[in-house]
Amino acid sequence: MASTIARTEERQNAGTMELKDDTVIIVLGASGDLAKKKTFPALFGLYRNKFLPKGIKIVGYARTNMDHEEYLRRVRSYIKTPTKEIEEQLDSFCQFCTYISGQYDKDDSFINLNKHLEEIEKGQKEQNRIYYMALPPSVFTTVSDQLKRNCYPKNGVARIIVEKPFGKDLQSSRDLQKALEPNWKEEEIFRIDHYLGKEMVKNILIMRFGNEFFNATWNRHHIDNVQITFKEPFGTEGRGGYFDEFGIIRDVMQNHLLQVLTLLAMERPISFSAEDIRDEKVRVLRAMDAIEPKNVIIGQYGKSLDGSKPAYKEDETVPQDSRCPTFCAMVAYIKNERWDGVPFIMKAGKALNEQKTEIRIQFRDVTSGIFKDIPRNELVIRVQPNESVYIKMNSKLPGLSMQTVVTELDLTYRRRFSDLKIPEAYESLILDALKGDHSNFVRDDELDASWRIFTPLLHYLDDNKEIIPMEYPYGSRGPAVLDDFTASFGYKFSDAAGYQWPLTSTPNRL
């Protein structure tokens with residue numbers, strides 16, 4: 001009787017229990033770009049640091065027809081091995097990697113996959129399976145049906161990791177959710193937004209609620225405006241066909257930047273449990289109106305000023321009449337007691353002057369009187385590269401006068417934590433999926449609320465053919481009107497600080 005109750009409770013908690021043994025990770029789309037750049041390097045990183053469950057097995061599945069040796073050769077090519085030790089660890093990692101080829105819409109293919117899984121699961125007490133869908137959204141529904149019908153474990157836990165995009169607007173997102181609902185419980189679905197796995201994004205809650213001096217000033221009475229900025233120094237460069245279908249708003253802002261906004265704006269959760277955190281994020285989204293077109297500017301990059309870099313429309317995969325925005329700046333408002341009237345300025349663009357993702361919180365002006373035009377305080381969180389936090393503050397310039405100077409309290413992670421490795425976002429998120437921790441994954445109602453905010457704007461831009469994005473040069477800061485746009489919502493730029501971020505060579509970790 002007791003064992004029956006225990007098994008029942010375990011089934012009820014299947015979505016949140018940690019998978020320690022008898023686990024197989026199946027990478028669907030194993031020959032694709034995402035698996036190559038992110039999934040396999042992340043799995044190897046977890047293996048190197050001994051975070052994968054004991055006896056883990058990794059199965060690749062894709063349409064590409066290749067034998068076991070060719071598959072292992074590809075896996076090896078995905079992972080950098082700068083030392084002999086890492087090369088030996090990769091050899092060991094490859095010993096539990098296997099591959100099966102098949103179609104995404106054929107029962108026979110998935111029956112064959114299930115036979116392979118059952119073969120490598122022989123002797124296990126349970127069949128715990130994580131299906132990582134590194135696939136284009138066009139096959140999500142078909143593959144979901146096939147997995148449930150032919151590959152769902154008889155005795156064990158099943159989880160499915162789904163990559164963005166989760167639709168193109170509110171209706172398509174709901175259609176996708178309805179397609180997944182018959183096959184998968186919400187607790188079995190892990191919707192990845194890899195920005196939620198980034199170290200500095202995960203640090204937002206600790207900074208906010210673990211430091212009283214931040215918590216006390218985190219409101220409309222002290223904060224004038226918030227900027228969340230995403231900049232890439234490269235264009236589409238041959239991948240314009242995919243990007244043109246979605247654009248910068250769907251690709252970056254509706255998901256990555258909005259997720260950061262919810263963490264910045266949410267109230268203190270009851271606990272750090274996944275549901276309590278996500279409940280508070282949803283409350284923020286429900287307090288936001290749809291983005292108004294008057295609070296938006298869009299741009300599309302042209303040639304660089306020296307002519308060395310091509311314009312967006314010079315990409316052979318991009319239609320010549322494309323109106324797809326490669327840059328956007330917009331302002332959102334949250335209608336609640338804490339944030340009413342505070343503009344949240346989100347900016348994102350390709351082919352800009354630098355690689356940077358940062359959060360810039362600008363506080364209100366110092367009460368006038370003894371100071372004249374003294375610069376505002378700012379809290380800046382650098383998400384990437386060079387993960388850092390610094391506070392711009394006013395201080396007395398050493399000497400006999402009472403002259404003020406802007407200085408900074410600077411926490412640069414690579415200096416302060418030089419002996420610690422900052423994990424890649426995908427490593428962190430795959431580990432969370434193994435643990436059954438949904439905190440850093442997107443819930444269904446959260447997804448629905450986010451699309452409600454963006455869909456009217458997206459339809460407005462899609463339907464009004466006369467709206468043409470402003471051209472900006474490849475390698476610039478964006479459209480020429482950008483500074484006036486941010487200033488119109490209260491942002492005050494001051495060069496009194498003369499602050500220059502330390503430039504160091506860092507890998508692109510997007």
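Including glycine, each Cβ sits where the backbone N, Cα and C put it.
Annotated features in Swiss-Prot:
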- HIS256: active site, proton acceptor (ACT_SITE)
- GLY29, ALA30, SER31, GLY32, ASP33, LEU34, ALA35, LYS36, ARG63, LYS164: NADP(+) 1 binding site (BINDING)
- LYS164, HIS194, TYR195, LEU196, GLY197, LYS198, GLU232, ASP251, LYS350, GLN384: D-glucose 6-phosphate binding site (BINDING)
- LYS347, LYS356, ARG360, ARG382, TYR390, ILE391, LYS392, ASP410, LEU411, THR412, ARG477: NADP(+) 2 binding site (BINDING)
Query raised in the report: Near the Cβ of ARG477 (NADP(+) 2 binding site), how many other Cβ atoms are there if near means within 10 Å?
Result: 16
Report task. In three-state terms from DSSP, label ASP33 (NADP(+) 1 binding site) for me. Result -> helix
Report task. Counting Cβ neighbours within 10 Å across all chains shown, tell me which of the binding-site residues ASP33, GLU232, LYS347, TYR390 comes out on top. Result -> LYS347
**Report entry** DSSP-derived structure type at HIS256 (active site, proton acceptor), helix or strand or else coil
**Finding:** helix
Report summary line: One should report the C-alpha separation between TYR390 (NADP(+) 2 binding site) and LYS350 (D-glucose 6-phosphate binding site), rounded to whole angstrom, as 25
Report summary line: Taking every pair from LYS347, LYS356, ARG360, ARG382, TYR390, ILE391, LYS392, ASP410, LEU411, THR412, ARG477 (the record's NADP(+) 2 binders), the biggest C-alpha distance in Å rounds to 26
Query raised in the report: Near GLY29 (NADP(+) 1 binding site), which residues of its own chain have a C-beta under 8 A away, given they sit six or more steps off in sequence?
Result: ALA35, TYR61, ALA62, MET133, ALA134, LEU135, PRO136
**Report entry** Cβ contacts of GLY197 (D-glucose 6-phosphate binding site) (under 8 Å, same chain, 6 or more positions away)
**Finding:** GLU424, ALA425, TYR426, GLU427, SER428, LEU429, ASP432, ASN440
Query - Which of ALA35, LEU411, the listed binding-site residues, has fewest other Cβ atoms within 10 Å - result: LEU411
Report task. Could you tell me which three-state DSSP class LEU411 (NADP(+) 2 binding site) falls into? Result -> strand
Query raised in the report: Which three-state DSSP class does GLY197 (D-glucose 6-phosphate binding site) fall into?
Result: helix
Query raised in the report: Out of ARG63, HIS256, LYS350, LYS392, which of the recorded positions is least crowded by other Cβ atoms within 10 Å?
Result: ARG63
**Report entry** LYS164 (D-glucose 6-phosphate binding site) and ARG63 (NADP(+) 1 binding site), distance between Cα atoms, whole Å
**Finding:** 21
